Amino acid sequence: MIRFVILLLLWQILSDSNMASVGLRVFVCRASSVLFYLTMYISILFFGLISVDRCRKTLRPFRGTDAARLTRRKLLSGAVWCLMLALCVPNVALTSKAPAAPRFKCSDLKTEAGLWWHEVVNHVCQVIFWANLATVVTCYTLITKELYVSYSRTKARGAGGAMQRPSGGGNAAVAATGGPSQPKRRSVSGNVFLVLAVFFVCFVPFHFARVPYTMSQTRVRLFDCQLKLFFFQLKESTLWLSSLNSLLDPLIYFFLCRSFRAALFKTLSLPPATCSWLAGRGSGPSSVPLGTSSAGESTMTSNSTGLDCPDISITYGAYAVIVSCMYFCTFPIGLFLNGLAAWICVHLHSTSPFIVYLKHLVAADLLLSFTIPFMAASHLPGATVSLKAFACRYSNVIFYCCLYTSIVLMGLISLDRFFKIVRPGGKLLGQSLVVSHVTAACVWAMLFVGTAVPTIILTNLNPSKTTGDQCMSLTGEAGLRPHQYVITFVKSLFWSVSVVIVVCYICITKRIIESFRKSGSNNSQGKRKAKLRVFLIVLVFFTCFTPLHIMHITFSYRETQKSVCTDQRMKVAYDMTLWLSSTNACLDPLLYVYLCKEFRAQLVQ
């Protein structure tokens, strides 16, 4: 159902962007929005049922689940689907009017019977939410109370044992403080409040905002236009929050369902105790985190010599799984947006240097998107040595080249914008179409021929099981110095482009404000839009790329020195900033829409 909700969100985004065709907006009103609300309230109902089941298991832990109970649960689940489908099918059937104008609301497409049924369904959905809210709060209050009583009982029993055995030394002290049970209690309480947090963050704001919004739509005389618009925007913002439930639910499955965790670890070829520090399961030898020996000595998984490393309390294997999942989530979004942008660019004529650079930027982002699955798969602890070697030699190299190609092209786009706004009447060499084509080709040649090809050639050592986690282990002595030169070059490239972008957009902002002052215009909305466009580009650029290059300075130095005990926290931070830089491929298409009129027109067409 999560994939289905994400697909519905894509349709909703296109419809809300005011760039969708009339047919697509009609489809969203008749089918997509109805199915979105259907899945949302089904999720709310199952939240309530899961809460009741957890409460029953906590209050009556020795009452098992037999075949008859399982059958009743399946029938109840089927009844939930049938009930919600029975409510939603008439909504689809009664939204049968044709739009009378290009701009319309979904309610304009409903018949009179459809409007009446829509109101009935709204009331039913409100009852469903508030009833399930009461159920969830009641159940988890009872669960928390039972856990606290159980913990107090265990603590009192331990304190009594300590008083009877004063010579027990360390064990008695641990028992008196309830030491071993405290982490488990904190973990269980955290799991309880995680469920409540997801439910309240995702669903409660929307339903609180929906009450005044409904009143503003039905009691017209009590609300002016500005207040109506405010409640509409509030409702839409909180509706976006409710859609986040499709992303947060898998975390609940992980923390609450042991069989789900076991199946996940089996699929990823992870040992069962990989995330024991996350899931809060025991503290025995079987739950020692990956990369830590039973004696408490931490060792890197890529350690080829067996030397001891500093004591690390976190598990890099668990973080690697999280980072891989983040890459896998980024891939379909980046591929869809850049595929759409590439299709538009094919039908877009190169009438200016800006469009030339934009097309090359789309190509770089699209190629980067294709390398993301290899990056994600190679991060998994269960990845084969051959896959990691392929990623180190080829896909990661292409990833970085595309990344820096995007950085340089964004700098060239900033220069083009600078010349057009600050010197609109001048005709410089850089504003020629031929020069822009040659410049873009030189960027590709410089980064791919000058950095990628030597890196691929010099990554020539055979991988082994002990060195498969570290790309530098595949580089021979002859390749270390060129690798340092490449790193120095691309870092210098990034900081140079950063300076260019900052200077260009400061001058652009200054010129736009001066233009408004000279014209005597008080168009504050126009000023806000201009500033938004300027700072949106700067924000995307520095949010995506600056953290990576701050981390790169230290991490690259330690990696080229072949430090056996590289700090795992630094590796985790570097992986997170590298993922953040890959999200630029998802954000760039949004910049095209804001900055390029021709792109926007072709998208609408």
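Cβ from N, Cα, C; glycine included.
Feature list (source: TrEMBL):
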DOMAIN    1-253  domain 'G-protein coupled receptors family 1 profile'
SIGNAL    1-15  signal peptide
TRANSMEM  35-55  transmembrane segment
TRANSMEM  75-94  transmembrane segment
TRANSMEM  120-143  transmembrane segment
REGION    158-186  region 'Disordered'
TRANSMEM  192-209  transmembrane segment
TRANSMEM  316-344  transmembrane segment
DOMAIN    337-592  domain 'G-protein coupled receptors family 1 profile'
TRANSMEM  356-377  transmembrane segment
TRANSMEM  397-415  transmembrane segment
TRANSMEM  435-457  transmembrane segment
TRANSMEM  493-513  transmembrane segment
TRANSMEM  534-557  transmembrane segment
TRANSMEM  577-595  transmembrane segment
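Tertiary neighbourhood of the transmembrane segment (356-377): same-chain residues 323-325, 327-328, 330-331, 334-335, 338-339, 341-342, 345, 348, 350, 383, 387, 390-391, 395-396, 398-399, 402-403, 405-406, 409-410, 412-413, 416, 433, 436-437, 440, 443-444, 582, 584-585, 588-589, 592, 596, 599, selected by CB-CB distance under 8 Å and a gap of 6+ residues from either end. Counting same-chain residues at least six beyond the ends of the transmembrane segment (397-415), those with a Cβ under 8 angstroms from any Cβ of the stretch are 353-354, 357-358, 360-361, 364-365, 367-368, 371-372, 375, 430, 436, 439-440, 443-444, 447-448, 451-452, 455-456, 459, 490, 493-494, 496-497, 500-501, 504-505, 537, 541, 545, 581-582, 584-585, 588, 595. The largest share of C-beta pairs under 8 angstroms with the transmembrane segment (192-209) comes from 120-143, of the ranges 35-55, 120-143, 316-344. Per-residue confidence over the domain 'G-protein coupled receptors family 1 profile' (1-253) averages out at a pLDDT of 75. Long-range contacts of the transmembrane segment (35-55) within the same chain: residues 1, 4-5, 8-9, 12, 73, 76-77, 80-81, 84-85, 87-88, 125, 128-129, 131-132, 135-136, 139-140, 142-143, 195, 199, 203, 242-243, 245, 249, 256, each at least 6 residues beyond the stretch ends and with a Cβ under 8 Å from a Cβ of the stretch.
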